[in-house]
Amino acid sequence: MATLRVDEIHKILRERIEQYNRKVGIENIGRVVQVGDGIARIIGLGEIMSGELVEFAEGTRGIALNLESKNVGIVLMGDGLMIQEGSFVKATGRIAQIPVSEAYLGRVVNALAKPIDGKGEIIASESRLIESPAPSIISRRSVYEPLQTGLIAIDSMIPIGRGQRELIIGDRQTGKTAVATDTILNQKGQGVICVYVAIGQRASSVAQVVTTFHEEGAMEYTIVVAEMADSPATLQYLAPYTGAALAEYFMYRERHTLIIYDDLSKQAQAYRQMSLLLRRPPGREAYPGDVFYLHSRLLERAAKLNSLLGEGSMTALPIVETQSGDVSAYIPTNVISITDGQIFLSADLFNAGIRPAINVGISVSRVGSAAQIKAMKQVAGKSKLELAQFAELQAFAQFASALDKTSQNQLARGRRLRELLKQSQANPLPVEEQIATIYTGTRGYLDSLEIEQVNKFLDELRKHLKDTKPQFQEIISSSKTFTEQAEILLKEAIQEQLERFSLQ
């Protein structure tokens, strides 16, 4: 039997003592006293911050929202079905953050930035707080670059600039998502990173949007953040902030970004659900008192940065759903007051076959012509006024028995102008073709055509102009001005097309 000598024992003991590393860890731990409906109440978490992440024994995470004298109200970032009364909860000491990187482009993720498209993990070396402060006044500059949507009605009369917040508002099934997705499709080749945030949508609707992006080649510059209708309210509430954090990552890297929130009504409803379950006092329409702050802190993150920060931008297009066209409800009025204008989609126009169903009369962009190229200003300057006068005259004509020749001509011109604003879905037009289209309508070249022929004529004109007068596109894209030479080329193309069209 082998025996250890005293000096060997001494040596082993010395080595063990030297290797001993005394770690004292202090953890903030509490116990669950109540759980259900996506809410947990915890006792014992004495030194916890508002918004701090907590971790339950079975792995579910949550966010501390209510800090009360006797307990802490936690909203769960999962179903929480395995959480038991009396189980331990650990405060992490961290605020919610997500990984960010270029690798997110082309992917579909959830509100925690975890991939849900089955294409494997996303490698990211950096992270950003989900809720970051908005850029300060000094960090910004005024909006001056156009963000082309590809929709004639918007780019000519309700222009959107890079760094602007423009609300898309309307009843359900009026084409709000179509306007937003067409805008994303039109950013192809423009160097704009797009983020589409789907909040509380049907999974089939989100799948349809993602399929459209794949088919049109838009997914390579787009990130989709999706929380479906069956997701916990906490994740539906977080999804827009996650999208904003991903867009900010690119904005601060001197890139231009576009973010769509589809839609903020669902986020407000999720927040209302959480607040009522946490027993916060309800206000108007049962929303909590800070529902304005919910949206203002999100939308203020959209900005055009100054030259010191690289002139990146984040353009936000929030969507809000109205009930029976009531824009005076709580959430619509809140978001209208936060944004730099609104695009109002009308159910009546949609049902009348005018699509996109944009009501140009009450839609407005508070940035205005600062976000238009000079050529568009020159050609489309008076078109909004002409359409407004047409709508007024049309209402009057319903009661008048006989109209004079001038009024009849004005009505005929107005009908053709309204016709040229029609566009099929997923068919955005480049700005040069939009200018040619508007010029043709406002200068009276469509007056001799039947209304049913207008769009066919314009489609053929745009093709003819592209094939026979490529210089027109070069002049507009290089000088951004509607020069005399461009006008001569366009007039020639219109006359040639009118002659060809009359022979058909």
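Note that Cβ sites are derived from N, Cα and C of the backbone, with glycine treated the same way.
Remember, it's a predicted structure, so these values are computed and weren't measured experimentally.
Feature annotations, reproduced from Swiss-Prot:
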{"type": "BINDING", "residues": "Gly170, Asp171, Arg172, Gln173, Thr174, Gly175, Lys176, Thr177", "note": "ATP binding site"}
{"type": "SITE", "residues": "Ser363", "note": "site 'Required for activity'"}
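Structure coloured by features recorded in Swiss-Prot.
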| residue | record | DSSP (3 states) |
| --- | --- | --- |
| Gly170 | ATP binding site | strand |
| Gly175 | ATP binding site | coil |
| Ser363 | site 'Required for activity' | coil |
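In the structure as shown, the Cβ atom of Ser363 (site 'Required for activity') sits within 10 Å of 22 other Cβ atoms. Excluding the listed site residues Gly170, Asp171, Arg172, Gln173, Thr174, Gly175, Lys176, Thr177, the same chain places Glu321, Leu345, Ala347, Phe350, Ala357 with Cβ atoms within 8 Å of the centre of the ATP site Cβ atoms.
The distance from the Cα of Ser363 (site 'Required for activity') to the Cα of Asp171 (ATP binding site) comes to 15 Å. Look at the Cβ of each of the binding-site residues Gly170, Gly175 and count the other Cβ atoms within 10 Å; the largest number goes with Gly170. With every protein chain in view, the residue among the binding-site residues Gln173, Thr174, Thr177 whose Cβ has the most Cβ partners within 10 Å turns out to be Thr174. Put plainly, the binding-site residues Arg172, Lys176 were compared by Cβ crowding within 10 Å, and the winner is Lys176. Close to Asp171 (ATP binding site) in the fold, though at least 6 residues off in sequence, lie Glu321, Thr322, Gln323, Ser324, Gly325, Leu345, Ala347, each with a CB less than 8 Å from its CB.
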